[in-house]
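Annotation comment: TrEMBL describes A:6-31, A:38-60, A:93-115, A:136-158, A:178-199, A:220-243, A:249-271, A:292-323, A:329-348, A:355-374, A:417-436 as transmembrane segment. The domain 'PTS EIIC type-2' annotation in TrEMBL covers A:8-434.
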Amino acid sequence: MDLLQQIFQYVLDLGAAVFVPLLMFIVGIAAKMKWKEAFSAAVILGVAFIGMNIVIGFMLNALTPAAQGLVERTGIELNIIDGGWTSLATLAWAWPLAFLMFPLQMAVNAVMLIINKTQTLNVDLWNVWGKILTAVLVIGVSGNVVLAFLVAAFQMVIELLLGDVNQKQIEKITGIPGVTVSHSMMIFGAFLLPFNWLISKVPFLDKHVDADTLKERIGIFAENHVMGFIIGLLLGIVAGYSVQATLTLAVQAATALTLFPMVAKLFMQALSPLSEAVSDFMRKKFQNRQLFIGLDWPILAGSNEVWVAMIILVPITLIYAIILPGNNVLPFAGIINTSLAVPALIITGGNLLRMILLGIVTTPIFLYIATGFAPTITQLARDTNAVNIADGQLLSWSTLEYPVFRYIFADASSGSILGIFFGAVWIVLLVVYYRMMKKRTEALKKEEEVA
Amino acid sequence: MKTVIVACGSGVATSQTVASKVKKILNENGVKANVEAVDIKSLDQYIKTSHVYIAITKAKKEYDIPTLNGIAFLTGMGMKEETEKLISLLKS
């Protein structure tokens, strides 16, 4: 037993960039991949880890001095650097038990289908990382592995249920029948619900705004390198840098934002044979049933409302970051708030003004929770050796997906009475959201019949 | 060699899933092409240097290059037709 533990510890000590590929290779062979393919995928996975580590390190080293300049000059302390979702995905995949999320998701989906509690078949296996991240955060807060898996399983159930009730609205927006979005980011809809209800009482917000023309005009700001350059420039100016240093920082920031998705793509390349095999297997098992195929959120990316809302929220997020007392996050790689815009698109049925208003109301929540999770996230990076973070540097994600759910349930898992109480409140909100979307589905169906 | 692009919200996940799948299908059919996952935010730039665009969304505007339905590759429904279209576009 001791020997086994020693071997285990030895492998873990190799660091995520070595042991996760090793694990991936074993899983690949077990899933009947060819040796050649499994080996190639495993090495690419290692490259993804090292690559992300380089880019995150580059970003931290470029931005941290500027953040220090900011605090010295103005007293505004934004010492937590926002690494965006790609940084957090790196941490998630570095968890030694991450791969267990695949069979868990298959089992949860199969059971839910067999007992007829859902019609959604989630074939988006890539986003198991969202459940892995939830589990990792639960462990970071409570240290409880069993509860981490339970919360992750609960999240899987919710995303299937939301896949069911959101389907008609998604079909209405995209024009694509038979598919839904089973991405967990829809969970944020439960939290948006009361605000959306309030906003829907305001009459003049029902105006239709032409998002398509707006997107043509301001779309350039959403391009990674442009966004990075502008944020770097602003940061250099407020940090009191010289012109030369400011321009250098701007190009460095543009570099970081351009490289993040390029490198993160390697994770997908490595994992795609495996996730492909799993989703094929699931589809075959349930091919005789009429189901909604659950996909990732970008099937909604054709809605220009999403892009316009996200771009308009960028300066608002930056202003909040500076003026909110108690916020320490410097919004950067995660500043494009998909986590808000996509559920807001669904709950408002594509009303741009309401989406923006929901963003203005809830952005502080994103920043506060990102601040709250920063020590946990930084510690996780150190524990797994996935990302090297120097002393005095802090990492987070300014627009963490479904922040409220994650914060409440991580807190509740540590036995906090407040966490359990808010967990209960949150479940009530979810039930109300579910019923509301069910009603909306009926209404949309009637509309279709009339037309 | 011709270039096929697949776009999604970040150029990382969905687009890469479809790109990997398309690449595999093309290999099996002995068709050589560059298949790239790109970021939809910079789509206009990529369109200029590509030959076929596989969309995961319902595109509202017309592009200068042929556009195929990427959802088919995700759900498996209608995948055969899209594959045939793609191959004939690449061979022409």
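Here, residue 1 is simply the first one shown, and the rest follow in order.
Cβ coordinates are placed from backbone N, Cα and C, and glycine is handled just like the others.
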Average the per-residue pLDDT over the domain 'PTS EIIC type-2' (A:8-434) and send me the rounded value. 95
Any residues 6+ beyond the ends of the transmembrane segment (A:6-31) with a Cβ under 8 Å from its own? 37-39, 41-43, 45-46, 49-50, 53, 93-94, 96, 98-99, 270-271, 273-274, 277-278, 384-386
Residues sitting near the transmembrane segment (A:329-348): Cβ under 8 Å, six or more positions beyond its termini, same chain? 59, 63, 67, 78-87, 166, 169-170, 173, 181, 183, 185-189, 192-193, 196, 222, 227, 231, 235, 253, 256-257, 260, 297, 300, 303, 305-306, 309-311, 313-314, 317-318, 321, 354-355, 358-359, 362-363, 366-367, 370-371, 374, 396-403, 433
Within the same chain, where does the transmembrane segment (A:178-199) have neighbours whose Cβ lies under 8 angstroms from its own Cβ atoms, ignoring anything closer than 6 residues to its ends? I mean 6 or more beyond. 120, 122, 124, 127, 130-131, 134, 155, 158-160, 162-164, 166-167, 170-171, 205, 292-297, 299-300, 338-340, 342-344, 346-348, 354, 357-358, 361-362, 365, 401-405, 426, 429-430, 432-433, 436-437
Go through the chain and flag residues at least 6 beyond the ends of the transmembrane segment (A:249-271) whose CB is under 8 A from any CB in it; none is fine as an answer. 21, 24, 41-42, 44-45, 47-48, 51-52, 54-55, 58-59, 62-63, 66, 84, 86-87, 89-90, 93, 125-126, 224-233, 235-236, 241, 332-333
Against which stretches of its own chain does the transmembrane segment (A:355-374) lie, if we need a Cβ under 8 Å and a gap of at least six residues from its ends? 80, 82, 137, 191-192, 195-196, 199, 205, 305, 309, 312-313, 316-317, 320-321, 324, 326-329, 331, 337, 339-341, 344-345, 347-348, 394-400, 403-404, 406-407
Can you name the far-off residues of the same chain, 6+ from the ends of the transmembrane segment (A:220-243), with a Cβ under 8 Å from a Cβ of it? 62-63, 65-70, 73-74, 249-258, 260-261, 307, 310-311, 314, 318, 330-332, 335-336
